[in-house]
């Protein structure tokens, strides 16, 4: 390049910056052809990185017409709306989001003229070979092939030279390729280009329809096109290739050989399909294998390998060099693509080290090798900043530190690293995925930085899309100084080459300022480039290379240099096409800038040093012309010139540091100019100074301060070397360079000469080359990090030589599974074949031997055969492959197709899971997850596939991977059809078993219950369920144990946010669902509180909740004190809950249930509540029950109304589907409530239902009155009290039905101790002074509270109602009325919500009045009633003061105070008057006055001061609708009948009948009239209530009853159960401690001998016990009676012959394992024995047994000869056996424990010795003397923790591989012979009947309780804990088991 600045500028003006290499001639030709033949705008085309094809940006419609084979193909439309820069960005690989309607395709081209050679050999395979392969056939084919190959080999060697037979027929390669492509891709070529009449079309006629491609593992072709000169294959764009996986996401394949083999399996399938059709795949590389997130690989053929190079093109033009041997810039720029053969990295490194190429050129080549792409915003080439612009004259930047480190400072990087390290450790300990990985640097050059750098040249739209959405041109750095200061990232090449980057294209953004020491951008670029080439930089550049591309990116060096990059250490498994790439793993050699270290002349002695420096100081001045700056590229000015002395040491001797630093950079520029002139003189002046100043160990270019001292002052005799001189340096550098070249770059490549000429190319030769390319590709995958330094377009033979060398040098790095296949494909064991570049492009690398190890040369079908041992493909691969192909083949448009697909997959899943390993599950799982998260398949996938997949995964992984998609399936409202499957009790039982009870209750149950609140519930409302828990937990104080008060159970379980711990991090990163679902879930939970996102702006719930705790807590305790004495004595408690024959009923119902269970194929033991059905004769719940139970109690209408409403139902619900869905869900909730028992049902089911009830009323739509066909509009004239349900009442029907069912099941305490306190919490005002502000959720809470109170009042007995009446008045009615009648509180939904609340409250108060009678109303309810009526007077007065009030109210900031006639002053919000007047109208006055005047009679005058005013208003209303009506106020209401009729305590009195509470039918005018036909004919003691059953709230008329009795249930709470339940619902779920109160709950007598072992089933509703009486019994854990009742076993297993000492459950298949010296496996549903394992020798019995955790199905048995044996239930015989003794005599194995992961087993011996064994390998990990006595029991806990107890009275906690115990507990009196674990606590039992609780984490401290003889008789023999229910099962030596809490 010319030296002048003009020439440089010319070169820099090229649009791409002038420094990156242009495309090769072949690529330019392909680009021109595609532009010409396909009419695609050249701006929409880009060469692919590998140089094999063109990427085109095309409209999707154009591509569709191409796919549909429409001819003629029109020109491709241009990207009109997009600028050139945007189009260029969209063509970059790392960009994934494209504008709508646009897509990218790959166009692969073949030049016809290069296919003119003959191609010999036909199809190598017969098509008939597609039947199932058998061993016989495989052997026959191998023998035939061997025979054929040996014959041919012999013929070629001995026969052919003498044979004169004609040459075998050969076809032109063009025809052969064209036909093979059509067969493989299943479509024919379309003519394109200038003449669409290609010769082949004349013959073939019109285009046939598209067929199917030969193999699904082959990348499909969108179209095959033919122009006169070219053949094109158009492929869909490949986003990620296998090269991206091994380069940027290597963790995707680590630790799993199955994944690598599966990719190979699919590639071989594709190659086999191509070879069968006679098509060679070409010189395959990692770039040719397309991979998606689920690791489904597709092969993309390398068609260019078919092209034979033309003769003239074969000769490469030699690179011109000038005399000094340096490649000049012009040649470098013009030489296409830097030809790989000549410029291999080795020579590149040497050229740079010796100064033959410039720094810039070398760094650009390193960028290219790392895959960095010009113009890619995410992966642009990166160069170092070399100058610090922040100082006035600039100074050199420290290249030993990364820019990130210089910018952020060491402190911040250390802080980042330490914080992420701590988070990583904490995350790892928690067992979930580590949230953070310790790192210092997040990115080297981010896309934001790239766009900011290029902001002046980038269109505004792009900047707004990437940098910041708002256009703020002045926010972008305005100068180089600010730019460099702002960014932690490195520089880009444009700042060294392109002056245009400084000039702005935006009118409102100024140009980028250059530093003050430059006058223009051209001058700056020239100076900047010169600085890059300066010797200061050259000498330190290798440090920067080590930091950016080299060994300092990983390991200890990276930590030391604070250079740990997140991308390299985060082990991410999502695919990426950019990242940080490490090229070198050895220290990079230093550039030998200046004179060599070993100079021809000796160095000067130190005495002269000071003198020389002082002499040279005066000789320096800055008189040079800065215009003569060399560009430092064209010649070796800076690198090889020995001029260092003239400036490096030109430094002030004193400490003038600032000046010294500030002038550094400028010095180097000015001095570089005269370097050439001083070449001779300066080196003669001080020859020795040069040689050691270069190698100075101090900061480059800076002299050591100590050099100023006189070194000659020391001892005379010692030889003093010059400062910084190292005589060994030259040798060390030589060693370093050699080491780097040998280890880092893989040694030398020899290129022997071997010319060859071959006429026709046999097809077999091409196919063999394919196999060799496959071998090279596999080796490149294995050695991915070592072959990064190969060029992407390196020829096959270069790649082969490289990988062959690597395989020889590093054989241990090749995985065992790939060693045989690499050896077969690359003939590693054979002699090394010398080969050269001139070997033809079409030749194979070497010839395979005709027979090798008995097999013919490798081909895909041979490698795929199950009978060939070359590749060890697991046996499940074919089934897995078929499963995936079926998944990919079906396109699902609707639900029917979705169901068909899932059903078909389900049929295949069994074959896949039969032999699958965990590695295989990793491949399968992403497909199942994406099915579970796609709309049309989610429900059916859950129904069909959840059970088998979760069974294979085990509970831990099922929670980790399947929980989130399950939540998605439950939350998706559009999935109505078939959704009821997910709510069947059978499916929910599977969920509980496979996820684990606790995980199901905590994470999934809230989402399951959501459906009850209506399918149309919005996402926000439904998510409130999860969040409300936290609000309530934070808003209310937890009541202490023992207090049974309103509100005590409100502290809800502190469930973690649904998203925490449920992320799906690992192999599922391909599933799109999770990426979307993560966002809202995580965002909604801020600081543990749920922030609602509703359409209207509203207060966060937490605001009012915080305030409401003060008031409610005081009332809670006071109520508890009053109520407590009643607990035992209330009549409901004992007498009514136990029917005499309930046990008889139970037996009958249990029998029928078991049949149902078997029909339902349920996997779980369950006990439906048949008992209640027997007792109460209830019917099933139907939807009509649920919907009609919504009406307000004081409602009615005639029977006709009810019928009309039933007819209107289908319109109200969403038809039959919705009805089935709600029916199924209600039935399931009823079943679940009984199954879970009272405490768990109250904590999890009831609490969630109560929260749901509020969401049923949220939003204005739910607050509309429902108008059925025959009904008048709201509050119409005439018949005032009608059925007035709002939509929310209909929606809340199923929720109320389920809530009342729980009350029926467990009795009245549920209403008074759980529901009423929750109601008082809902309605409590937010602060002590007056009502709080309402938000829409609080408003809905008020409506829900009043509705639920109404339901509860009906079911309360008279005594209970009277007991809690004061509380209802003060804690429910008055707070509701304070909101309703408030003059300052507005309702978010305005008058509508207030009107509904008003109507509901009237109904509620009227209901209570009817229940308690006039006297009690006067005594207890006068205040609420008076408050209600008072509001009319207040509004009346306000209306009169209206004029005076308004101006005052508007003027002040605070609310005006108004004095009312009662003398009180109240604040009034003038803005609310309108709302209040809309609600409290004349009509409302009439609505209130008439019923209360009837109900209260004369008392109304005593308790309602303003009754006359309200009466007048009511009269006005009557006049307005019918002027002739009488004034009701003037007429005394006449009471019907006599007093006793209103006596609430009467037996069968009228209020029990269906109509007495329904004013619509009873009010005639203003009289209450009881219709004759409504009286029951024979009302018994239960009256009409007997019809009300477990189904729902019965019929509509029952629903209007004033009082209904709760039916007696065998599960009703009384006695100890009631006391324990009251305590338990008040305890916070956050409490992780186990509290033992010795409350006796149930007894299980039946064993005739001592109970040896007890084991609860995982669902905690049944448990197993084994005894000395040789039986195993299965017991139900449902609550009965008051704590004194006894329960009979459900099943007795009697097949044992000796005493049973072990019983447990195999979780995966749900079988029971019990042992009496022989192991029995049996079915708990039927009691049938499935398998018996007898000891091999009766003299060596089994002494200990343990079952492996799910998903394993093995049993581990220890025999008395210290041998461990493993049995798999699915297979006959033993799996394997391991010896434990090992020469010692540790005694008998007493106890076995298996770690929760199943990876290790620990055995405890009678001698106190313990042995830890790896279950996978059988290796003994550790053996140690743990105790001094017999080991009694061992348990293994998560986190590799073991707990052991011994007869030496100790209990010890161990870490698996640590020598010392972490905790040691000593029991004083007796040894701990039995214990169980609760979280991080151990619950222990001793022979002296003491129960202790001690912690695994905290220092030893133990709380012990002695069991009282009243609660536990006999001696404690065994103990088991129910973790969810928090109960203890204690077995005794007298055969009785007791349940205590």
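Backbone N, Cα and C define each Cβ position, glycine as well.
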Annotated stretch (region 'Disordered', per Swiss-Prot) among the listed ranges 1433-1466, 1467-1500, 1569-1602: 1569-1602
Of the residue ranges 669-693, 694-718, the one that Swiss-Prot records as region 'Disordered': 694-718
Per Swiss-Prot, the range holding region 'Disordered', considering 916-968, 969-1021, 1022-1074, 1234-1286: 1022-1074
Residues flagged as region 'Disordered' in Swiss-Prot, choosing from 618-637, 738-757: 618-637
Contact set, same chain, for the repeat 'WD 3' (1729-1769): CB under 8 Å, 6 or more residues outside the stretch: 951-955, 957, 1695, 1702, 1704-1709, 1711, 1713, 1715, 1717-1723, 1775-1781, 1786, 1788-1794, 1796-1798, 1801, 1803, 1805, 1813, 1815
DSSP-assigned states of the repeat 'WD 4' (1777-1815) in counts, ordered helix, strand, coil: 0 helix, 21 strand, 18 coil
Averaged pLDDT, computed only over the residues in the repeat 'WD 2' (1686-1724): 94
